[in-house]
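Data block below; observations after.
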Amino acid sequence: MANLLDGKALAQKIRIQLQQEIQSLQAQAGRPPGLGVLMVGENPASSVYVRNKERACEQVGIASFGKHFPTNITQAELTEVIHSLNQNSEVDGILLQLPLPPHLNAIPLLYEISPDKDVDGLHPVNMGRLVRGEAGLRSCTPAGVMQLLREYEIEVTGKDVVVVGASILVGKPMALMLLEAESTVSITHIKTKDLAKLTCEAEILVVAAGYPKLITASHVKPGAVVVDVGINRLTDYEGRKRIVGDVDFEGVEPLVDYISPVPGGVGPMTVAMLLQNTLWSYKQRVGKNLE
Ligand code: NAD
C-alpha cells in the first residue's frame, strides 16, 4: 500500500507556522501582511476558491483587500483597481482569480500587477526569475508540490521525473522547479506521441492535465512517487458531485510508494503557498522597518 502525500495536514502545519511568524513580525512592523484577491462575476468554482483563500488569510492573520466585481466591469476599470492596489502600501499581494468573463483579457491585466506583489508568480518577471534560478515569487501550485516532496523527504536530485501537462500555470513552472533541484525532467503534453512509454520510466510522476483517469496502472513504474495535481468535477448517475484528480487512484495506488490524494493533496498546498508568498512579499516590504 502506498504512503499518502497528505497535503491537507502539511498545509495546516504551514498555516500554524505562518500564523506564529506573522504575529511576531506584525508587532515590529506595525501592520499585518495584506492580500487583495480580485474576482469578477459568478463562476461557482472561483467563488469557492476565493472564499477558501480569504478564510485561510483570516486564519493566519493576513488582512484581506479582496474585491468582488460584477460581470460588466470593464478592462479599464479593472486595470485601475490593480493600479490602486499596486500603490497601496498595506497590500503585499495581488491575485486576479481566473478565468475572467470573455470580454476581459487576462494577460494584460496580469502584466499590470506589480511583479513584487504578484503572489501567483505568473508575471513574466517572476517567470523569468524562475528560469534564471533567482529568488522571487514562485507559482503556488508547483511550489506546493516541491514542498510536499520535501516534507516526505523524497529526494528529487538526479531522479527521472516526468511532468504531464505543459501549462504556464502548472506544467512549465513545475518542470523548471524540478530542473532547478537537479532532476532529469521530461515534460509531456497533449501532442506527446506515447505518453505511457515516458511515464513508465518516471521515478517521480507529476500529473497536471485536467483529464480524469488519464494515468492508469499501465502508466506507472512500480515503486514510483505519483503527484496528482488534477482537479476534475464529476457528477455521478445520482447527481452527486465529486472531485477527482487525473490519476486512477484505485488502480495506481497499490503499485506505487507514494501518491497524493484528490482532494487533500496538492489543492490545500496551493493555498498554503499563496499565504507563504504573501508573507515573503511582506517581509521584503517591511524588512527595513525590522532592522
Ligand atoms: P491546462 O488546460 O491549461 O493545461 C493542461 C495541459 O495538459 C496542457 O499542456 C495539455 O497539453 C496537457 N494535456 C491535456 N491532455 C493531455 C493528455 N491526454 N496527455 C498529455 N498531456 C495532456 O490546465 P492547467 O491549468 O495546467 O491545470 C491542469 C489540471 O490541474 C486541471 O485539472 C486543474 O484543475 C488542475 N489544477 C490544480 C491546482 C491545484 O491547486 N491542485 C492548481 C491549478 C490547476
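Yeah, the Cβs are placed from backbone N, Cα and C, and that goes for glycine too.
Not measured: the values here are computed from a predicted model.
Sequence annotations record features per position, and here TrEMBL assigns domain 'Tetrahydrofolate dehydrogenase/cyclohydrolase catalytic' to 5-120. Mean pLDDT for the domain 'Tetrahydrofolate dehydrogenase/cyclohydrolase catalytic' (5-120) in the predicted structure: 96.
Residues annotated as domain 'Tetrahydrofolate dehydrogenase/cyclohydrolase NAD(P)-binding' in TrEMBL: 139-285.
Sequence-distant contacts (6 or more apart, same chain, Cβ under 8 Å) of I190 (NADP(+) binding site) comprise A209. Feature annotation from TrEMBL assigns NADP(+) binding site to G165, A166, S167, I190, I231.
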Notebook entry, point to check: Per 10 Å Cβ neighbour count, which of the binding-site residues G165, A166, S167, I231 ranks highest?
Noted result: G165
